[in-house]
Amino acid sequence: MEQKEHSFGTLCKIKRQHSTSRKSCANLSSNKELFISDSIGDIRSYYDLSETPLGEGAFGVVYLGTEKATGEKRAVKVIEKSKIKNFTRFHNEIYALKTLDHPHIIKLYEIFKDEDHVYLVQELCTGGELFDYIVEQEYLTEEISAKIFHQLMQSIMYCHKNRIAHRDLKPENFMLKSKDGELCVKLIDFGLSCSYMTFGDSGSQKLKKMTTKAGTLFFMAPEVLKHNYSNKCDIWSAGVILYIMLCGYPPFASEDDAETVELINEGEVEFDDEAWELISDEAKDLISKMLVTEKERLSSKKCLSHPWVKKYSYSRKKGKLLDSQLSRLKEFQHNTKFRKVILSYLSTRVSDDDIKQEKDLFNSIDKNKDGYITVKELQEVTKDTMTELDIKNILMSIDLDKNGAINYSEFIAASMNEIITKDASKMKTAFDFFDRDKNGFIERHELKEILSKNNDEMLDELLIDEVVNECDLDGDGKIDYLEFYRCMSMNTD
């Protein structure tokens with residue numbers, strides 16, 4: 001069977017392939033979703049939309065959106081409700097975007113709905129799809145491939161840490177943040193994602209096998225075709241992506257789908273083509289350990305620790321930035337609860353351009369690349385400058401969801417003291433978000449509507465009272481913008 005009808009012809013066939021799935025699965029939960037509004041009304045009251053679309057897909061059109069209050073640029077995906085055939089899959093994607101919180105996963109800011117459309121306001125990526133980038137270059141160097149692979153594997157590891165399988169990894173589902181500056185990819189399209197965690201009768205957590213044939217054929221693992229697989233289906237798909245990046249064509253492909261299925265099931269990876277002559281043995285070794293049986297296949301953690309990945313991995317030097325940033329983390333302990341709430345909201349709205357140094361620092365501290373910073377990882381970067389007790393106190397003050405580690409948005413929130421006081425438009429945006437009825441005041445019922453995730457009503461009421469009292473300077477039981485501004489501008493020392 002001939003499989004080397006590759007290069008652009010085969011790559012373009014990949015582009016034409018659509019993801020398939022017969023059913024969807026459950027999702028995870030996270031505090032990030034508290035701050036993603038789901039509004040009924042006219043999006044054009046808040047955003048100016050471009051006349052010309054940025055792109056168009058099977059389910060919607062993407063426009064450039066400019067937020068009127070701040071001037072921030074967003075990608076606004078406009079979806080016709082009548083074209084949504086699988087509502088479970090649609091809600092699955094929205095829920096995943098609301099809850100997953102990682103620097104290499106696309107960010108969802110807010111949702112609008114009217115009678116005929118749903119509008120997803122997302123992070124703007126101007127660099128296009130990874131697929132198009134590969135086609136433009138024909139193939140990528142090992143150094144560039146390793147940099148992209150390192151980032152995409154971090155996003156996969158984070159998903160797996162949260163017991164989520166993406167199930168449709170392919171170059172079209174990674175966007176380049178921009179065409180300028182450092183390469184940065186973002187994982188998109190969680191319509192086929194699935195939680196593989198179940199709960200037993202005693203409440204104990206158990207991992208379950210997935211059975212739905214989901215994904216795009218050229219990237220499907222053999223066990224997916226057999227309807228019995230684990231999260232390692234994503235590792236196989238990532239291995240196919242890496243193979244394509246290095247040589248420009250897929251490892252298992254034929255013009256006939258039945259033959260492609262046979263090639264996938266055989267799983268014989270070939271490196272004897274001319275395109276592989278100058279590729280290192282380390283790169284081939286990694287691919288070979290990803291495109292094997294599920295039992296033998298590497299985990300995302302082991303992929304990231306592979307010698308080929310470590311050879312090209314980028315590590316930020318520790319210096320003044322780290323010292324000044326740690327100083328901000330210390331200051332976060334002294335913030336009021338109200339200020340922490342507002343900073344947490346703003347951390348979900350800020351653009352990558354505003355927090356480039358903070359994002360790089362998060363990645364450098366997160367040594368194992370699982371999307372969380374632990375006490376041990378903080379200890380490694382602070383060395384002898386802080387006691388273990390001080391480090392634990394910092395982590396406890398930043399870890400607002402109390403899961404024992406600092407996630408990406410929590411870290412950004414703790415780094416934003418200076419950013420917010422220098423940008424009045426961000427302050428006004430935050431005030432308007434919490435002023436739900438737009439009467440010029442933040443009131444108890446509005447805070448409770450946003451923050452109440454606890455079944456303990458008394459605890460929620462006490463927390464809301466404490467938050468309001470911290471900023472209610474005139475004692476009228478609500479917070480106007482002047483009180484809000486003063487509270488947010490106060491020195492935390």
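Glycine too: its Cβ is placed from the backbone N, Cα and C atoms.
The feature domain 'Protein kinase' is assigned by TrEMBL to 48-309.
Under the DSSP three-state reduction, Lys77 (ATP binding site) is assigned to strand. Within 10 Å of the C-beta of Lys77 (ATP binding site) there are 22 other C-beta atoms, taking all protein chains into account. For Lys77, the entry in TrEMBL reads ATP binding site.
If you average pLDDT over the domain 'EF-hand' (353-388) in this model, you get 86. Taken from TrEMBL, the feature domain 'EF-hand' covers 353-388 (among others).
If you look up TrEMBL, you'll see 422-457 (among others) marked as domain 'EF-hand'. Here the domain 'EF-hand' (422-457) has Cβ contacts under 8 Å with residues 31, 34-35, 37, 67, 69-71, 341-342, 345-346, 349-350, 463-465, 467-468, 477-481, 484-485, 488 of the same chain, all six or more residues outside its ends.
The domain 'EF-hand' annotation in TrEMBL covers 459-493 (among others). Under 8 Å from some Cβ of the domain 'EF-hand' (459-493) lie the Cβ atoms of residues 331-332, 334-339, 341-342, 417, 420-421, 427-428, 430-431, 440-444, 447-448, 451-452, all in the same chain and six or more residues away from its ends.
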